[in-house]
Amino acid sequence: MGKSVAILGAQWGDEGKGKIVDLLTDRVKYVVRYQGGHNAGHTLIINGEKTVLRLIPSGILRENVTCLIGNGVVLSPEALMKEMGELEACGINVRERLKISEACPLILPYHVAMDHAREAALGKNKIGTTGRGIGPAYEDKVARRGLRVSDLFDKEAFATKLKDILDLYNFQLVHYYKVEPVDFQKTLDDVFAVADVIKGMVADVTTLLHQARKEGVNILFEGAQGTMLDIDHGTYPFVTSSNTTAGGVATGAGFGPRNLDYVLGIIKAYCTRVGSGPFTTELFNEEGETIARKGNEFGAVTGRPRRCGWFDAVAVRRAVQINSISGFCMTKLDVLDGFETLKICTAYKMPNGEIVEYAPMAAKDWEGVEPIYETMPGWSENTFGVIKYEALPQAALDYIKRIEELVGVPVDILSTGPDRIETMILRDPFVA
């Protein structure tokens, strides 16, 4: 009997999902992206070689895996072709192993232009988007005016829709944001220069998935970003534009919630966040700088430095609630090597003095929130690359156990380095 497993971030993204997806893909037939776009940077280190995937599922590096892009993903033709070119230059067969839902909304140049214009206009109050047009593309989807992959099959109808949409966007870009308009003919020509390649990969993703389940093969769903960036459940408005939570598997791939057998939440042994928004345990001292330096905390897509802080059990408890998380994979434990003491946030003190154990929903409700910490002893031993659980320092084992107690979910996988071999699988999601 095959298993269906979802892997998702349980913090603010950048938890190390790409490595874990790649690690587990030797067990599966299909790897599926179900939300987000090329704003997701999944970094893989295999035999010392670094690969960053932004749009194509991480399973593409395994020859026996078919990769699917579900309807919940916003697809940039330009980004797709660039990523395909990079992979094919390395000898990886993409075109025969990548299938795309025809219901995917397209990201086009006017979405990118609008993204940049809005962030520039907001100034210091900007959301902190990646500037890749993700939000505006999702806006068009909800407004029911967006162009989709299916529209590539009729160039004349596509051109008519494109003209109407560009009239709307260019009016705003020129008259409100005072920037250059997007050229209609260039946009049309650029899209249709690659349309045949994309059309050749179109498939009924939902039917493929349900056939695979009937056949008893393993399926892995690859989430992007993190739970606390979810459009509905994150620190709104400092969120992404898609559902980064387990529910996105149903809406973004047509695979119902009862069909998921296991949800693996990825957590760092500490916390990071890119961009603006609440971050209760953020460190502004030497400890934060040390974590950032040792953890190489820079965005895979943007290169922006990540904000760093202590592990926030309150936020992760919220992720457990929202996603029905079965087990965790903890990454970057080795980054905490050498700290004399470590802190875990166990509760929040609200501005009115109330002590709460669950995270607020809206960003405004985080204002004035103070972390309540529990201090634990650190360890001086080196844990980098350790692959036997019993070989870890006792203080590290105690730290992991305490986090398990606070969030109510076991750590089933432990990562002590960037390479796929630097991992301990304590309980296999496809066997559990």
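A Cβ is built for glycine as well, from the same backbone N, Cα and C atoms used for every other residue.
Per Swiss-Prot, the features are:
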BINDING   13-19, 41-43, Arg306, 332-334, 415-417  GTP binding site
BINDING   Asp14, Glu15, Gly16, Lys17, Asn39, Ala40, Gly41, His42, Thr130, Arg144, Gln225, Thr240, Arg304  IMP binding site
BINDING   Asp14, Gly41  Mg(2+) binding site
ACT_SITE  Asp14  active site, proton acceptor
ACT_SITE  His42  active site, proton donor
BINDING   Ala300, Val301, Thr302, Gly303, Arg304, Pro305, Arg306  substrate binding site
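Among the binding-site residues listed here, namely Asp14, Gln225, Gly303, Arg304, Arg306, Asp14 has its C-alpha nearest to that of Thr416 (GTP binding site). Counting every protein chain shown, the number of other Cβ atoms lying within 10 Å of the Cβ of Gly16 (GTP binding site) is 19. The two recorded residues Gly13 (GTP binding site) and Gln225 (IMP binding site) have their Cα atoms spaced 4 Å from each other. Under the three-state DSSP scheme, Pro305 (substrate binding site) falls in the strand class. Looking at Gly13, Gly41, Gly303, Pro305, the binding-site residues in this record, the fewest other C-beta atoms within 10 angstroms of the C-beta turn up around Gly303. Recorded residues Gly303 (substrate binding site) and Asp14 (IMP binding site) have their alpha carbons 12 Å apart, per Cα-Cα distance. Cα of Asn39 (IMP binding site) to Cα of Leu333 (GTP binding site): a span of 26 Å.
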